[in-house]
Amino acid sequence: MLYLIAEQLGFPGVLNLIRYITFRAGAAALTALFIGLIIGPRFIGWLRIRQGKGQPIRADGPQTHLSKVGTPTMGGLMILISVMLSLLLWMDLGNRYVWACIGVTLGFGLIGFMDDYDKVKKRSTKGVSGKARLLGEFLIAGLASWLIVSGNGTQLYVPFYNGPVIDLGPFYVVFAAFVIVAFGNAVNLTDGLDGLAIMPVVIASLAFFVIAYLVGNAKFAQYLGIPHVPGAGDLTILTAAIIGGGLAFLWFNAPPAAVFMGDTGSLALGGALGVISVVAHHEIVLAIVGGLFVMETISVILQVFFYKRTGKRIFRMAPIHHHFEQLGWSEPTVVIRFWIISFVLALAGLATLKLR
């Protein structure tokens, strides 16, 4: 909004700063951070009153989790409010990529909200059916992918290789939708401990802040041999807002958590990262940067597959963060070590930009 106003005025005086993506990104991060910190206490109090007993806790989970009974969920709404208000202020709302990303983020957030609401209402750990959720997610992701692809090409790029490896043509829409849905659910699976999911989301957003900026700059893209996507630079503002809103949420989600983000937040944030990677043509790099989320997802797939085939479990409990809890690791130990893994993987993902 401010960008369009300043543009109409010709960027006079101090408003010339708004012309620069880096300035707007920094402002977006701070705006989301302060909004989250300001609304947090009252919002959490309101959730606690409305939900009563809070998020249902799995009876078959680690016994230490029973102390979390009564903690409200749907804290992802707090993140979405702070991020969206920040975006409305600082993003170029004339950029269609912006609306594709906002659509996925809010759409996935709505599906997550419906799931959280169902769980709280039924006092059950099972919400909306998996098939209904996936159908809604693929419809949203498919529409966004079609909007992106219509002016962004259908080439697939992979790390360590200069230039596209294949043109997927119309199948790119299916591939892109799969990436968005898969990553949304991967973040959702990871959100099982206080602070576990949100910090890796912040770290991945920081990595894609760099990637989106480089992809959106013709000179940097040519120098690094990565795809140049005009307009993608504005997605740095979205990643910055997620960083700010995520850190504000972590203030209240740090152990012992005062609120859980729920599916409302995890699906929305995972979907946002997925669609950003599609716009930037760095979908494979997302699997490296967000490798922690991939690891959590694979642990669940392997657990289910081997249990159905052999009747035995590979892990004591899945997702894998619960396995380490069952081995005797304390919750903060699991969380911090997984943060470290996430940071290392983000650095590895960024390194692929130069190694070609």
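From the backbone N, Cα and C atoms, a Cβ is placed for every residue, glycine too.
Remember, predicted model here, so these are calculated numbers, not experimental data.
Under the heading transmembrane segment, Swiss-Prot lists 27-47 (among others), citing sequence analysis as support.
Long-range contacts of the transmembrane segment (74-94) within the same chain: residues 1-4, 24-25, 27-29, 31-33, 35-36, 39-40, 43-44, 47, 51, 102, 105-106, 109, 112-113, 116-117, 120, 234, 237-238, 241-242, 244-246, 248-249, 252-253, 259-269, each at least 6 residues beyond the stretch ends and with a Cβ under 8 Å from a Cβ of the stretch. Under the heading transmembrane segment, Swiss-Prot lists 74-94 (among others).
Positions annotated as transmembrane segment by Swiss-Prot: 97-117 (among others).
Residues 96-97, 99-101, 103-104, 107-108, 111, 167-174, 176-178, 180-181, 184-185, 227, 229, 267, 271, 274-275, 278-279, 281 of the same chain lie 6+ residues outside the transmembrane segment (134-154) yet bring a C-beta within less than 8 angstroms of a C-beta in it. The transmembrane segment annotation in Swiss-Prot covers 134-154 (among others) and rests on sequence analysis.
If you look up Swiss-Prot, you'll see 163-183 (among others) marked as transmembrane segment, on the strength of sequence analysis.
Marked as transmembrane segment by Swiss-Prot on the basis of sequence analysis: 195-215 (among others).
Annotated transmembrane segment per Swiss-Prot: 220-240 (among others), in sequence order, evidence recorded as sequence analysis.
Under the heading transmembrane segment, Swiss-Prot lists 241-261 (among others), citing sequence analysis as support. Listed by sequence, the residues of this chain that lie at least six past the ends of the transmembrane segment (241-261) yet keep a Cβ under 8 A from its Cβ atoms are 28-37, 40-41, 44, 47, 55, 67-68, 71-76, 78-80, 82-83, 86-87, 90, 191, 194-195, 197-199, 201-202, 205-206, 209, 269, 272, 331-332, 335.
As annotated by Swiss-Prot, transmembrane segment applies to 262-282 (among others). Sequence-distant contacts of the transmembrane segment (262-282) (same chain, six or more residues past either end, CB-CB distance under 8 Å): 55, 73-77, 79-80, 97, 100-101, 104-109, 111-113, 115-116, 127, 137, 140-141, 144-145, 148, 152-153, 155-157, 176, 179-188, 190-191, 197-198, 201, 204-205, 208, 211-212, 215, 226-227, 229, 232, 235, 238-239, 242, 246, 249, 290, 293.
Annotation comment: Swiss-Prot describes 284-304 (among others) as transmembrane segment. Counting only same-chain residues 6+ beyond the ends of the transmembrane segment (284-304), those with a CB under 8 A from a CB of the stretch are 156-159, 179, 182-183, 185-187, 189-190, 200, 204, 207-208, 211, 270, 273-274, 277, 313-315, 318-321, 323, 338, 341-342, 345-346, 348-350, 352-353.
Sequence annotations record features per position, and here Swiss-Prot assigns transmembrane segment to 333-353 (among others) based on sequence analysis. Tertiary neighbourhood of the transmembrane segment (333-353): same-chain residues 159-160, 193-196, 199-200, 203-204, 206-207, 210-211, 214, 224, 226, 255, 285-286, 288-292, 295, 321, 324-325, selected by CB-CB distance under 8 Å and a gap of 6+ residues from either end.
A Cβ distance under 8 Å defines the sequence-distant neighbours of the transmembrane segment (163-183), meaning residues of its chain 6+ beyond its ends; these are 104, 134, 137-138, 141-142, 144-146, 148-149, 154-157, 225, 227, 270-271, 273-275, 277-278, 283, 286, 290, 293, 297. If one looks beyond the transmembrane segment (97-117) by at least 6 residues along the same chain, the residues whose Cβ comes under 8 Å of a Cβ in the stretch are 55, 73-74, 76-77, 80, 83-84, 87, 91, 127-128, 133, 136-137, 140-141, 143-144, 147-148, 152, 180, 184, 188, 231-232, 234-235, 238, 262-272, 274-276, 279.
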